[in-house]
Amino acid sequence: MTTDISPAAPSAAPPPESETEDGKEQTLLQQIMSGSWLVSLLAIVLALLFGGVLIAVSNAEVVAAAENFFAAPGEFFATLFQTVGNAYSALFRGAVFDWDARTTERAIRPLTESMVSGTPLILTGLGIALAFRCGLFNIGGQGQVILGATIAGFLGYAMPLPPVVHMLVAAIGGIIGGAIWAGIAGVLKARTGANEVIVTIMLNSIAGYALGYLLKQNWFTHTTSANPQSRVIDDSAQMFLLLPPPFRLHFGFVIAILATIFVWWLLERSTIGFEFKAVGANPHAARTAGISVSKVTILVMIVAGALAGLGGAAQVLGTEYKLTSGISGSIGFDAITVALLGRSKPLGTFLAGLLFGAFKAGGYLMQSQTGTPIDIVLVVQSVIVLLIAAPPLVRSIFRLPTPVLKRKED
Amino acid sequence: MTAQTMDKTPSTQVKALAPIAWKFPIVYTILALVSLIFFGLIGRDGETTFRVATGGDFFAIPDFAVSSTAAGLTLGILLVIMAAVSIYVAIKRIDIGSWFPMLFGVIFVLSFLAWAGGGSGGVIPLTTLLAGALALSVPLIFGAMCGLVGERSGIINIAIEGQLLAGAFLAAVVASVVKNPYAGLLAAPIAGALVAVVLTFFAVKYWVNQIIIGVVLNVLVVGITSFLYSTVLTQDPGLWNSRQKLPNLPIPLLSDIPVLGRVLFDQNILVYIMYVVVIALQIFVFRSKWGLRMRAVGEHPKAADTVGIKVNFTRVRNTLLAGAIAGLGGAFFTVGSGLAFGKEMSAGQGYIALAAMILGKWNPKGALFAALLFGFSKSLGNTLQSIGTPVANELLLMLPYIVTVFAVAGFVGRVRPPAAEGVPYVK
C-alpha cells in the first residue's frame, strides 16, 4: 500500500510528520482547494453513470432482459438505455426545463423550484465552507439550521409587526440563533480545545430534541392542536415571492446571492477574512504573526452559524411557513457535501447548492413519474463528492495527465 | 511536548501538592441538593411500585411499593452524605476510585425514579428498564469498539453510522433469503468491512481527509440501502426482507439470577459476542503484540515504521477489522431484534457510538460504560414516556449529549486522542 502512492499525487502535499493538528487541517484545506473544474465535471459524469448502474440493476425489466442477453443482446441494451434514460430525463425535466409541460409557466417552473430547494443549501453551505477555510469542520449545520428556523419561525407568528420589518426581524432572529449554536462549539474549541466535530454533532441532536420538546408546548406553538407543529407564520413575516404563483421563488434566493457576495468579500477583501484564511493555512504562523487564533476560531464559528441559521430562516419563512419537527430535513448534512463540491469557495458553493437543489427538485418528478426512488440522488451526490475529494482517482480513470505541482517543498 | 517534560523535572525534587479538585464535589453537592429538595422535600404524593419479576423467574421477587416522598427523602439524605464525603476526600486529596461516582449515579437515578413514579401511581418495571438499556446499547458498544480500533491505529472513522446501517441491511437480506438468522450474522461483518474498504482506499491511497470520507460514506450508504429498499426489498418483502430473529440462548444457572441474570445472560448470541469482543479488546489492545503495534502506528507512525512495522498495512487491516465489528453491531437492528430492514434504521446511532468512544477516552472499558450510559438514558426516556411522568421525554434524551459536550470540553479530565489519527502516513 505504501509504495503504491505515486509521488506526484497532487491532492495533498505530504503532511508534516510530527505535529498532528496542523497536519490534519492543512491537508483538509489543500484537498478542498486543489483540483480543477474538469475533474468536477468528470466526477459528476461518473457519479451519474454509477447511479445509472444502480437504477438498471434494481429494475425488473432490465434484469429480465439481461437474462435473455445472449438471445437478444439488442433488446437488453434498448431496455437498459430506456430505463436509465427515462429516469434521468425525468430528473432533468423536474430540475431545469419541462418540455412535456402544457404551458410555458409549467415548463420553466422546474428551474425556479431548483432555486427554491437550493436557497437553504447555499446559505448553510456557505457557513460550512467558511469554517472549512479556517480549518474548522462544522458538522453542526443541521443544529444551526434547526435553531435558526425555530427562532425565525417563532418570531414569525408570535410577534405582530409591519410587513418587511417583521420578515427582517424574524430573519435576524434566525441569524442569532444559528450564531449562538455554532458559537458554543467555537468557544469550547477556543477555550478548551474540544473537538468541534464531536461538539457540533452533539449540538445537532440537542437542537433536534429541543425543537421536539418546544413543538409539544402550546405556549410555543400558539396552537391548541396536539400535533407537534406550530401555527402558520404571519403574512407579514413571509419572504415575499419574486414571481407570481404558481412560482414559489422567494426573496430568500436574493438573500442567498447577497450572502455569497458577502462571504466572497469577507474572504477576499477584508482583514478579518485574511486572518480566517491565515489561521486555516497555518495556525502557528498565524499566531506568530500576531493573530489571535482563539478569537478567529470563535468568530468563524459565529459567522458560519449565522449563515446556517439564515438558511433555516429562509426555509421556514420562504417555503414551509410553519415549524415541524422535520423542518430542517437533511439540509445540514447536504450542505456539507455542497461545501465540499464547491471547494469551499463562495461561487463554487453557490453553484453546488444550485446543483443539489436541482437534484432535489428533479428527484421528486423522477420518483413520481418513473418510480425511481429519490434516494438515488443521495447516491449520486455522495459519489460526486467522494470522487472530487480524490482528483488522482478521477485522473487515473480518464487517463488525464497529472498537473505539475507549482511548489514542491523538499 | 517539551514544555511539559520541562515542567515535570523539577517537581520530582520537591513534592508539590496537587490543587484540590473542586469540580466533582461541587457537582455531587448540587445533584444531592436537587435530589433532596425536589424529589424529597417538595416531592410528589403517592406510591411508586418497582417491578422486578418478569415471570418464569427461578425465585420470584414480589413488587415492592414505596412512598414517593419517603424514598426521595431517604435517598436524598444519603446523597447529601455522599457529597459531604466527596468534599472531605477532595480536601484530603484521596483517590477514591470509580465506584464512588457509579454508586452516586445509581442512587440518584433511583431517587429520580421514585419521584417520577409517584403521583401517577406508576409501576416502574426495573427489569424491562435494564433490558431495554442493554438492547439499546448493543449497537452503540459495537460501534464504539469499531471506532476505537480504527482511531487507535490512526484512521478516524466517522463512517460508523454507515457501517451499522450496511450491516443491518445485509444481515436482513441474507438472513431473509437463506431463511436463517445466523447467515445474516455472518454477512453483517462483511458489509461493515466493505464500507471500511472504501474508507481506507480513499484515506490511505489517496490521502483524502478522513472526516470528509466518513461523512460522505454515511450519505452513500443511506442512499444505496434506501434505494435498494424502495426498489428491490419492497417488491418482494417475503423473499428479501422477511423478519428473522436470532433465538435467545439462556445460559444455564447464570440466567436464573434475578434481575441482572435475566438481563445479561438470557440473550441471543450477538450479545454474547459483544461481551467477548469488549473483553478481548480490553486485553489485546493493551497486552498483545497486535495491540502494541496498533497503538504505535496510531501514536507515532514514523517510529513504528523505523522498527519495521508496516504502517499502512497495519492501518488498513485494523480498520477492516473495525468495520467488521461495526457491521456486527448493525446486525442487532435487524436479526438481533427480529425486525425487518427499514430506511435509515440506524438513526444516528453511529454518531452516538463515536461520542461514547471519546467519552470512554479510547478505552474499551470506558467506551462500554459510556455506551451503556447512553443506552440507559434512552431506555429511561422510553420507560418514563410509557408510564407518563412530569419530565418531558425529549429533555431526558437530550441529557447524554449534553454530558458528552461537557466531557469533550475537558470536564472529566483531559481527553486525548491518538496523536497521529487522521494524518495519512507517507514515507
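Placement of Cβ uses the backbone N, Cα and C atoms for every residue, glycine included.
Look at TrEMBL and you will find A:1-11 tagged as compositional bias 'Low complexity'.
Sequence annotations record features per position, and here TrEMBL assigns region 'Disordered' to A:1-24.
TrEMBL lists A:37-57 (among others) with the feature transmembrane segment.
Remote same-chain partners of the transmembrane segment (A:69-91), defined as residues 6 or more beyond its termini with a Cβ less than 8 Å from a stretch Cβ, comprise 48, 52, 55-56, 59, 61-62, 359, 362-363, 365-366, 369-370, 372, 376. Feature annotation from TrEMBL assigns transmembrane segment to A:69-91 (among others).
Summarising the annotation, TrEMBL assigns transmembrane segment to A:111-132 (among others).
Away from its own ends, the transmembrane segment (A:164-185) comes close to residues 127, 138, 140, 143-145, 147-156, 194, 196, 199-200, 203, 207, 233-234, 236-240, 251, 255, 298, 301-314, 316-317 of its chain (Cβ-Cβ under 8 Å, at least six residues beyond either end). The feature transmembrane segment is assigned by TrEMBL to A:164-185 (among others).
Per TrEMBL, the feature transmembrane segment maps to A:197-215 (among others).
Here the transmembrane segment (A:249-267) has Cβ contacts under 8 Å with residues 112, 115-116, 118-120, 122-123, 126, 129-130, 133, 167, 171, 238-243, 273, 276-277, 303, 307, 310, 314, 317-319, 346-347, 349-350, 353 of the same chain, all six or more residues outside its ends. What TrEMBL records for A:249-267 (among others) is transmembrane segment.
According to TrEMBL, the feature transmembrane segment maps to A:296-317 (among others).
Cβ atoms under 8 Å from those of the transmembrane segment (A:323-341) belong to residues 32, 40, 120-122, 124-129, 132, 139-146, 149-150, 153-154, 204, 208, 211-212, 215, 221, 228-230, 308, 311-312, 315-316, 348-349, 352-353, 355-356, 381-382, 384-385, 388-389 of the same chain, restricted to positions at least 6 beyond its ends. Annotated transmembrane segment per TrEMBL: A:323-341 (among others), in sequence order.
Panel annotation: around the transmembrane segment (A:348-366), residues 87-88, 90-96, 98, 110, 113-119, 121-122, 125-126, 129, 256-257, 260, 263, 334-335, 337-339, 341-342, 372, 374, 376-377, 380-381 of the same chain, lying at least six beyond its termini, place a Cβ under 8 Å from a Cβ of the stretch. Summarising the annotation, TrEMBL assigns transmembrane segment to A:348-366 (among others).
Per TrEMBL, the feature transmembrane segment maps to A:378-398 (among others).
Within the same chain, the transmembrane segment (A:296-317) stays apart from the transmembrane segment (A:37-57): fewer than three Cβ pairs sit under 8 Å, each pair at least 6 residues apart. Residues 28-29, 32, 94-97, 138, 141, 144-145, 178, 182, 243, 247-250, 252-253, 255-256, 259-260, 263, 266-267, 276, 280, 300-301, 303-308, 310-312, 314-315, 318-319, 331-332, 334-336, 338-339, 342, 344-346, 348-350, 352-358, 360-362 of the same chain lie 6 or more positions beyond the ends of the transmembrane segment (A:111-132) yet place their CB under 8 Å from a CB of it.
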